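Working notes, beginning with the structure itself.
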Amino acid sequence: MIDIKGIRKSYQMGDTKVDVLKGISLKIERGDFVAIMGPSGSGKSTLMHILGLLDVPSEGSYNLNGREVADLSEDELAIVRREEIGFIFQQFNLLPRMEAWQNVSLPLIYSEDGFSYDKAQALLDKVGLAERIHHKSNELSGGQQQRIAIARSLINNPRIIFADEPTGNLDSKSEKEIIQILHKLNDQGITVIVVTHEEEIGQQAKRLIRLRDGVIQSDERLQALPAAPTTAQEKRQEKTAKWPVREMIEHLHQGFQTLAANKVRSGLSMLGILIGVAAVVGMLALGTGARQSIEKQLSSLGSNLLVLRAGNVRVGGVMQESGVRIRISLDDVSTIKNQISGIKDVSPSSSGRGQITYLNKNWNTQVMGVAPAYEQMRASTPIFGRFFSEEENQRRTLVAVIGTTVARELFGEKSPIGEMIKINKVNFRVIGVLPEKGAAGPQDQDDRILVPVVTAMYRLFGRNYVDSVDIEVRDAADIPEVQDSLQELMNKRHRVPVSSQGDAFNVFNMADIQQALNSTSQTLSMLLASIAAISLVVGGIGIMNIMLVSVTERTKEIGLRKAIGARRRDILLQFLAESIVVSVCGGLLGIALGVGFSLLISKVLGWSTVVSAGSVILSFGFSALIGIVFGSYPASKASKLHPIEALRYE
């Protein structure tokens with residue numbers, strides 16, 4: 001079963017080479033009970049670690065069950081430890097956050113079985129601890145903890161059990177109980193190898209090997225070796241590998257348990273991710289809301305709309321800054337419509353602030369004088385009532401179409417149609433309510449009143465000019481030509497000097513404005529999201545720091561897991577899963593906080609915010625990616641720890 005030849009083990013202590021084992025050769029048959037004794041420094045524990053595949057010899061040959069150990073990879077050694085070897089340690093090495101049955105089942109998570117309550121219960125009953133199945137290690141005596149360790153060593157039906165000073169920390173009663181359990185296991189055909197310094201225990205073995213100064217001093221057969229057993233130990237089947245998905249689910253479950261055991265540290269680790277994700281979701285919601293508001297506001301304008309405004313140029317004077325400032329008149333508007341081909345319709349506009357009163361209610365809002373064509377050009381067909389006509393415009397009729405905000409502030413739930421209001425102390429009859437447009441950032445598009453443009457000019461504002469002219473072009477392809485014709489016609493009508501013709505009138509293409517605003521909004525959204533993403537990266541660095549600390553604190557646990565059969569990838573996935581759990585939990589909480597922040601901003605400030613599914617998925621995915629990226633190094637560091645070095649770590 002075990003055949004070692006010329007085994008040597010040396011350690012380099014600075015410039016000094018220390019030989020611990022000096023050419024040991026021995027064979028151990030199946031079903032034997034071997035005690036290895038020797039004083040401190042004799043090499044007995046080192047020999048057991050090599051036999052148990054926790055350490056590798058510097059020189060020599062080790063054949064285990066017909067396989068040369070030196071030819072096995074690290075993962076193959078882990079599989080042999082898991083399937084064929086059980087360990088009982090002097091320090092018990094139970095995980096304090098787990099119940100007894102979970103500690104017993106721990107090796108199963110690295111096989112296809114996973115945690116098994118029934119198997120653990122049967123083994124705990126076998127070692128006399130069935131009533132302690134839900135107790136944690138700090139609730140048990142030393143003897144009880146060692147019996148749990150024995151049950152753990154049996155969970156995978158091992159061929160060999162290695163016990164390193166199994167009674168070293170126990171009272172005499174517990175010592176006898178543990179030795180009796182080991183004898184019963186040996187009677188069942190399991191090979192037992194015990195390292196001890198107690199002569200009484202050594203004398204109870206079937207074979208006693210004494211070491212001194214790294215060599216075998218004596219090898220004595222105390223009891224005859226029984227015939228080779230024909231038990232289930234000889235009928236082992238290769239266990240199939242676990243499905244990757246199931247394996248990852250178990251690692252994630254372990255990750256949740258670990259984090260639950262360190263709530264404060266886990267919470268602080270999540271905080272950076274939480275803030276970062278909340279900021280990303282909130283900023284993207286603000287940006288998306290602003291963009292959609294702009295799109296909604298401009299979509300009604302159409303891509304064939306031009307807006308003409310007068311510049312700051314003065315004409316007719318003999319000195320700079322003298323003369324009359326250029327204004328756009330109603331005659332200009334009529335001429336534009338009649339003389340420039342390609343124009344479908346025009347709507348002059350004159351606007352200003354107005355104090356509105358209705359009974360005992362007051363409201364200050366924007367008052368716009370527009371032409372009847374405005375209704376079609378700006379998608380402003382009233383949802384209640386009607387728009388004013390061209391006849392009412394020419395007759396300067398005192399009628400008004402109000403926005404939904406004005407209607408709500410002045411009339412509440414009452415219908416405003418037919419009611420009389422005062423605009424700057426002038427009586428107007430409400431004939432319609434405009435469709436709801438929503439907010440464009442801090443500006444409320446529904447907080448306005450439309451009146452006939454001629455009425456506004458002469459009855460409200462006392463002007464003989466308009467502020468701007470909306471011009472709808474029939475075909476988008478004609479827009480450049482119409483723009484040039486507008487500039488030429490207006491410069492000619494107002495006798496603008498050649499040197500000032502570029503500044504006298506401004507013609508805005510709403511399609512270009514819409515594109516520019518959308519581009520600006522997208523850029524702003526990305527800028528805000530990028531700034532927020534920085535906090536995510538900072539949170540990721542925090543996770544990496546915490547995980548590195550965790551690896552250091554749990555070095556002995558890592559050694560234990562490797563001793564009971566965890567491969568390098570198992571340790572890697574476990575710590576990676578823990579960092580993913582931290583980042584994903586932080587991400588989910590951050591998404592909730594970000595959504596709440598967006599709703600709060602929308603309610604308190606009245607800004608439009610939109611939390612899109614894309615932003616939520618992006619934030620969630622990015623938080624998981626942060627966990628993977630920043631958890632990789634600590635996980636890799638943990639996976640590369642050598643089993644025996646990790647177990648010895650203090």
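A Cβ is built for glycine as well, from the same backbone N, Cα and C atoms used for every other residue.
Small disclaimer: the values here were computed from a predicted structure and weren't measured.
Per Swiss-Prot, the feature domain 'ABC transporter' maps to 2-238.
For Lys44 (ATP binding site), applying a Cβ distance below 8 Å and a minimum sequence separation of six or more within one chain yields Ile36, Met37, Gly38, Val195, Leu211. What Swiss-Prot records for Gly38, Pro39, Ser40, Gly41, Ser42, Gly43, Lys44, Ser45 is ATP binding site, and it gives sequence analysis as the kind of evidence.
The transmembrane segment annotation in Swiss-Prot covers 267-287 (among others). Residues 521-522, 524-526, 528-529, 531-543, 546, 582-583, 585-587, 589-591, 593-595, 597-598, 601, 607, 609-612, 615-616, 618-620, 622-623, 626 of the same chain lie 6+ residues outside the transmembrane segment (267-287) yet bring a C-beta within less than 8 angstroms of a C-beta in it.
The transmembrane segment annotation in Swiss-Prot covers 531-551 (among others), and the record cites sequence analysis as its basis.
Residues or ranges marked as transmembrane segment by Swiss-Prot on the basis of sequence analysis: 580-600 (among others).
If you look up Swiss-Prot, you'll see 610-630 (among others) marked as transmembrane segment, on the strength of sequence analysis. Same-chain residues lying 6 or more positions outside the transmembrane segment (610-630) and placing a CB less than 8 Å from one of its CB atoms are 273, 276-277, 280-281, 284-285, 288-289, 292, 533, 536-537, 539-541, 543-544, 547, 576, 579-584, 586-588, 590-591, 594-595, 598.
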Cβ within 8 Å of the mean position of the Cβ atoms of Gly38, Pro39, Ser40, Gly41, Ser42, Gly43, Lys44, Ser45: remaining residues of the chain near ATP: Leu211, Arg212
Near the Cβ of Ser40 (ATP binding site), how many other Cβ atoms are there if near means within 10 Å? 7
Find, for the listed binding-site residues Gly38, Pro39, Gly41, Gly43, the residue with the lowest Cβ contact count at a 10 Å cut-off, counting only other Cβ atoms. Pro39
Report the same-chain neighbours of Ser45 (ATP binding site): residues 6+ apart in sequence with Cβ closer than 8 Å to its Cβ, ordered by sequence. Asp164, Val195
Over the domain 'ABC transporter' (2-238) the mean pLDDT stands at 86
Sort out the sequence-distant neighbours of Ser42 (ATP binding site) for me: same chain, 6+ apart, CB within less than 8 Å of its CB, listed by position. Leu211, Arg212, Asp213, Gly214
Can you tell me the three-state DSSP label for Ser45 (ATP binding site)? helix
